[in-house]
Amino acid sequence: MSAAMDTESTYSGYSHYSGHSKKAHRQGRDRHKSPRSKDGSRSEKSVTIQTPPAEPLLGNDASRAEEGQDDNWGETTTAITGTSEHSISQEDIARISKDLEDSVGLDCKRYLGLTVAAVLGLLVFLTPIAFILLPQVLWRDDLEPCGTVCEGLFISVAFKLLILLIGTWALFFRQPKADLPRVFVFRALLLVLIFLFVFSYWLFYGVRILDSKDTNYQGIVQYAVSLVDALLFIHYLAIVLLELRQLQPMFTVKVVRSTDGESRYYSLGHLSIQRAALVVLENYYRDFTVYNPALLTASKSRAAKHMAGLKVYNVDGNNASGQSRAMIAAAARRRDSSHNELYYEEADHERRVKKRRARLVVAVEEAFTHIKRLQAEEQQKAPGETMDPREAAQAIFPSMARALQKYLRTTRQQQYHSMESILQHLSFCITNNMTPKAFLERYLNPGPTLQYDRDRWFSKQWTLISEEAVTSGLQDGIVFVLKCLDFSLVVNVKKIPFIKLSEEFIDPKSHKFVLRLQSETSV
């Protein structure tokens, strides 16, 4: 399945790899099996079925290679395609089907809520108009004439309904950002309040106006105006409960990623646990660096290497716990030398990263210098012979491809950058006349999750785990967990302490002083 890669052709190095023998192929596959497949099978609530992502710049096997390989190890790496190393049991199939049923239930619940809100909103806007039109339709000849004041009330009702319509559109008609596990309590209370309010007005209208066929048309119009005024006050109440109440910071939350310990602090107001979790996830995609599991394999391989050198012989038939204690004791005796190995491994890795970074910077600067020369030559050509930014990017990309390939392999970022995405970014930089430093910023410093394509994310579906009800408000000391397939975010809530300030008055005269000089006397 893999093709031989020409060492002199750098452009084709991103799509083909040379093959090993079948023995090396089987050994490499067994050695590089990811332990995450086991963790993924133990996921309790979040199972996501996805199509395979686009072809990355380098194979994922490169991120799991050992540190001791030479600089050209990528040229002799076997790429395994079209095979699957994961198995699935009957329990996994049942769990996946359950998750699919839950997702269908969430969609039905979301559309049901939108339907109820839309029907109720339509009823609210049609009710004042119906109050005014029904007497004109049913007993028009018996109504008293509408004077100037009554006609002015028509204008008042029209403009108030227009204001209410614009405010409702701005507050409620928004595209939902997430599917929460429970309903929003304040929003549900407002819907119930509006329903009871409109129902009460219709009940009073039916008993006192429709049954008796009231002839005071001005009073009927005034009744409709009072309904619109009350709806405007309810809209103001919705703004206070849904928007203004949560603006004042009351809590500080610490968010820690479970795998690498990266943490951030955020200030939140009065929110429920599920809405606080939504705010945390929105900030996570923006502030946290992208999750890279390849960076965690070094410590695991180091621990496995130390444990592989230990052999335990079962002489007297002791149980497995005795063997484990013996291995732990032997590992503790080798602790004095392990820190030296860690120090030299990290120092060697930093040296290789600096060296390949310098090569990459030089290669990119030379490529952009070549672009400037091409632009100067194209100005002298005819308009139909000039290259577009995409063609210019394809022209200079082979000169920097090899250096970029090796740097991404060394820093274990190759799974986040495909060749197509690099070409698009390069053409974008050429179009906007950006410098080489601006082009390299994306690759030299790992960015937040939003910077990368969605098919590169390891966190798409989340599960909220909390001992308290997710609809309850935040309190001091609450801890909840946001769990995805490969890692979790642990959120610890602390209340902002009450601050007491006192004032101390300083008398302005206390800063004044008198300088007295003694005159010199002759001796």
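From the backbone N, Cα and C atoms, a Cβ is placed for every residue, glycine too.
As annotated by TrEMBL, region 'Disordered' applies to 1-86.
Summarising the annotation, TrEMBL assigns compositional bias 'Basic residues' to 19-35.
As annotated by TrEMBL, compositional bias 'Basic and acidic residues' applies to 36-45.
Under the heading compositional bias 'Polar residues', TrEMBL lists 74-86.
Note on the transmembrane segment (111-133): residues 154, 157, 161, 164-165, 168, 172, 183, 191, 194-195, 198, 201-202, 205, 220-221, 223-225, 227-228, 231 of its chain, located 6 or more positions outside it, place their CB under 8 angstroms from a CB of the stretch. According to TrEMBL, the transmembrane segment annotation covers 111-133 (among others).
According to TrEMBL, the feature transmembrane segment maps to 153-172 (among others). Counting only same-chain residues 6+ beyond the ends of the transmembrane segment (153-172), those with a CB under 8 A from a CB of the stretch are 117, 121, 125, 128-129, 132, 218, 221-222, 224-225, 228-229, 231-232, 235, 238-239, 242-243.
Beyond the ends of the transmembrane segment (184-204), by six or more residues, the same chain brings 116-117, 120, 123-124, 127, 227, 230-231, 234, 237-238, 241-242, 272, 275, 471 to within a C-beta distance below 8 angstroms of the stretch. If you look up TrEMBL, you'll see 184-204 (among others) marked as transmembrane segment.
Under the heading transmembrane segment, TrEMBL lists 224-244 (among others).
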